[in-house]
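Engineer: As annotated in TrEMBL:
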- A:6, A:7, A:38, A:39, A:70, A:71, A:214, A:215: substrate binding site (BINDING)
- A:69: active site, proton donor/acceptor (ACT_SITE)
- A:213: active site, proton donor/acceptor (ACT_SITE)
């Protein structure tokens, strides 16, 4: 099984794109709904909660776990990859959504390997200079307080695409708005405009905006109204899924561990019926969920 | 020590009123900030989290715990009092905020004992008929989704004050708004008016409105603008503190276990510095906090 983790049901937007790219594998989705949202929690707490979730997915037998949650990717992935896995799960892998998103922003073609700090990437054995076509382009990354405070997007972008000027904007309340089903209407637009003020006239408009949180694609209709048509809004799900699929293809030794039964299992730490109702709506198909407990 | 529990820092509004009524005792405040807010979580999860918090406070030596959190009081108090305490902590006591709030709404004088279902209460040995002065009065109780879904206020009000017509109104997003520091402004007013629509013209205006969540008093200025001057808005903190103080005075066998050193200790399951900053602002004095872990 491929494990997919998110603090809530928002990560289903990533799962859904993964299922389109790689439908044959078995998937286990875990939502920590009982402790969501993570976006305003401290680095320490996000680390602990993510570790518990990843351990649980490994214990269920997942050889590979995708952190669909940006907050978890930004706050916990490095610790997981550098400290936790080598110690406890040396044969397993955890991937996050920050790096593939940044590769997409940097215009690095799928199937190539970026060389940090060199403005270059490898296509097969050929070193290719990054285009930098849009020198000095202004790009905005929107995320939770924790994601933005971590500067994960900033650090990766400075390494892979130093010609991009990046504005990282924390968007408090957006996740609670989506969780409350308030994805449109005046109040929602107010809080979207409030967070986006630095990116709206009279300030310079970004050429591209990355939605760096799994919940934000649900706000796309309002965001489309707020930004001018010259600004491209990037939904992370498809970008990330495409690159994760490529990662799996390029790692046959990992791929060999993945089972291909086409099954999907949905687990949540809070009410499974609520999750199945909300999740099914988001996926566009009826699902069943079960409740599980995470412990440190 | 008297233990005071809330899912977040909002319960400090109750603690603050308790400190005014009973300043001499020692207090231990616990906020489960790492898993807050509780208001949209399932009954099962609120029960589990509250149990862990109360166990922790008992383990710290508190003979008496006050659930300042309405969601926890509404969802977990009965289970705690009827099942958990007799089994594990027969000498300890847990009190909630629903019952004292309802006694206040019912006009039952402090120091008397209400007789459920009889429209009566005891003053000393005298059975006194409840006044029912405001027969048919419309009262609104505002709370989180979980508090309102539990019908705890409805059940208690029907028992103690059947002459009151009660409207219970869930107020999604109000806690996230307060947690995000959005206690004023257009967006906040939009979501307050949206939840309150059943209580605003052309609908019948309530004579009294109880703020059944520790966070809501922080929204008082906007609420005062929304309701007409004929509607009385009741802040729960002082009402509850007065009756808890009375309960302690009427239970000398419990009072004897409470230490009187005038100390206050603040614990949270997330970042203590964030909590101390927000909490200190709310209490109007500088505080220090420490991080603790809760486990089932």
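Cβ coordinates are placed from backbone N, Cα and C, and glycine is handled just like the others.
Where the annotation comes from TrEMBL, it is an automatic prediction and has not been curated.
Keep in mind the model is a prediction, meaning the values are calculated, not measured.
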Engineer: Name the secondary structure element type, per DSSP in three states, that contains residue A:38 (substrate binding site).
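Structural biologist: Going by the DSSP assignment, residue A:38 (substrate binding site) belongs to neither helix nor strand, so it counts as coil.
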Engineer: Identify which of the recorded positions A:7, A:69, A:214 has its Cβ surrounded by the largest number of other Cβ atoms within 10 Å, counting every protein chain shown.
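Structural biologist: That would be A:69, with the most Cβ atoms nearby.
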Engineer: In whole Å, note down how far the CA of residue A:69 (active site, proton donor/acceptor) lies from the CA of residue A:6 (substrate binding site).
Structural biologist: 5
Engineer: What other residues of the same chain, not counting A:6, A:7, A:38, A:39, A:70, A:71, A:214, A:215, have a CB atom within 8 A of the CB centroid of the substrate site?
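Structural biologist: Apart from A:6, A:7, A:38, A:39, A:70, A:71, A:214, A:215, the close residues are A:8, A:10, A:11, A:36, A:37, A:69, A:72, A:144, A:147, A:175, A:213.
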Engineer: Any idea what the Cα distance is from residue A:71 (substrate binding site) over to residue A:213 (active site, proton donor/acceptor), rounded to a whole Å?
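Structural biologist: Rounded to the nearest whole number, the Cα-Cα distance is 8 Å.
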Engineer: Three-state secondary structure of residue A:71 (substrate binding site) from DSSP?
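Structural biologist: Residue A:71 (substrate binding site) sits in a helix per DSSP.
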Engineer: What are the sequence-distant neighbours of residue A:215 (substrate binding site), meaning same chain, six or more residues apart, C-beta distance under 8 angstroms?
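Structural biologist: Sequence-distant Cβ neighbours: A:8, A:10, A:174, A:175, A:178, A:179.
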Engineer: Quick one: give me the count of other CB atoms within 10 A of the CB of residue A:71 (substrate binding site).
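Structural biologist: Other Cβ atoms within 10 Å of residue A:71 (substrate binding site): 33.
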Engineer: Run through A:7, A:38, A:39, A:69, A:70 for me and report the recorded positions whose CA is within 10 Å of the CA of residue A:213 (active site, proton donor/acceptor), in sequence order.
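Structural biologist: Within 10 Å Cα-Cα: A:39, A:69, A:70.
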Engineer: What residues, ordered by sequence, lie under 8 A Cβ-to-Cβ from residue A:38 (substrate binding site) and sit at least six positions away in the same chain?
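Structural biologist: A:7, A:32, A:45, A:46, A:49, A:69, A:71, A:72, A:144, A:146 - these are the non-local Cβ neighbours of residue A:38 (substrate binding site), listed in sequence order.
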Engineer: What residues, ordered by sequence, lie under 8 A Cβ-to-Cβ from residue A:39 (substrate binding site) and sit at least six positions away in the same chain?
Structural biologist: A:7, A:71, A:143, A:144, A:145, A:146, A:147, A:172, A:175, A:213
Engineer: What whole-number value in Å do you get for the largest C-alpha pair distance within A:6, A:7, A:38, A:39, A:70, A:71, A:214, A:215, the residues recorded as binding substrate?
Structural biologist: 12
